[in-house]
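Quick notes on the structure that follows.
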């Protein structure tokens, strides 16, 4: 969604296509052989020639940028198809069986229905001829004093535990926190790969589909947006809950309505999102190309390093206290989750007092410290074993990169060695750091594309709602 008052070439084309196209053009130039330059020299790069190259590069970059833009769109479409297929597979195979801990409680303890059971119907008062007998009320008060003191002590410990907020020390809670962190990262990846139209539909589905829980709809802007759409399309008798399967058709209607106005904030976010999306595609392609060339040049050295990797990792881990602590914590956490799961089967109130949390912290310290002091060699061997599992993958990756580079060299009929590639002439021994910078930049642009995509959809919804409400306010009440 963007205004086209600037003609064919606007800010969207400049940022989303031209600049990424220029970056791709100059990135590919670095892979050309030195033989294309006179006498193998690069004196062609004078200030005058560089200026001409830049001017030409903008025009040619727009052509490349259009192709890159289409590649990025097709990546999003492919991921959208795959994501939809996986979601349908999940819906077809999902079940509502209880978690393993609850299942174990039902099997081992025979718990069914309400764990607290029905309320006691017997009553504490006895009746004589229909009149309550209170003759032994004093005795019951005295005998109930001890249970009351016990309840008070348990409540005190429970309140102490809640005030300290120490639930996070338990292994299962730490595992849940790590799982939530991983889910947030996966959601960011999903947002970065999904198209903005699919993101718009996904956010809107949570508000309008009838099978969703209405109590969880906390997005006020989407509630106002739904009211605005239904108000503006009232003549068509449109109800979004009834049109849930056609929500994607709202997108062109909304963008067309906003295109009538001046450039909006949503349009600026769309240009930034398109720029970041094309840039991460370009940088990812250049990273793969440069890495393949680097691997091809250092294939034998890399394979030798990989072949000795498990032994080197074990030796390095044995000398590093930090690595031993990380491995000890991971191993302790894994064992702690298993033990606490077993404990919760038989003792559901394990976390209700501070004593259990203090014991948990103490067990962490003792277990991790004991593993570091007395099991350093064992931890080193575990590290070597873990790395050894991935060594074949590294070897196959190196071979694959070398084969791809051989195909590239065969197509252009030149050898990939240091004197024949402009990349080596310009960067020399800095190709490794260059690849690292390109990798980090790719991740940064990918993350930014997801953020700008979120902002674009949010402002698209907000600005459309404001425009509809302002239009309704400008109408003459007598009309």
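Note that Cβ sites are derived from N, Cα and C of the backbone, with glycine treated the same way.
Some features that TrEMBL has for this protein:
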type	residues	note
REGION	113-143	region 'Disordered'
TRANSMEM	21-38	transmembrane segment
TRANSMEM	50-73	transmembrane segment
TRANSMEM	275-295	transmembrane segment
TRANSMEM	321-347	transmembrane segment
TRANSMEM	354-374	transmembrane segment
TRANSMEM	380-401	transmembrane segment
TRANSMEM	421-446	transmembrane segment
**Contacting positions for the transmembrane segment (275-295) when only residues 6+ beyond its ends and CB under 8 Å are counted** = 15-17, 19-20, 23-24, 27-28, 31, 65, 68-69, 71-72, 75-76, 302, 398, 401-402, 404-405, 408, 416, 421, 423, 431-432, 434-435, 438-439, 441-443, 445-446, 448-449, 452
**Prompt:** So what's near the transmembrane segment (50-73) in sequence-distant terms, Cβ-Cβ under 8 Å and 6+ beyond its ends?
**Reply:** 9, 13, 16-26, 195, 274, 277-278, 281-282
**Asked** the transmembrane segment (421-446): which same-chain residues, six or more beyond its ends, come within Cβ distance under 8 Å?
**Response** 29-34, 42, 192, 276-277, 279-280, 283-284, 286-287, 290-291, 293-294
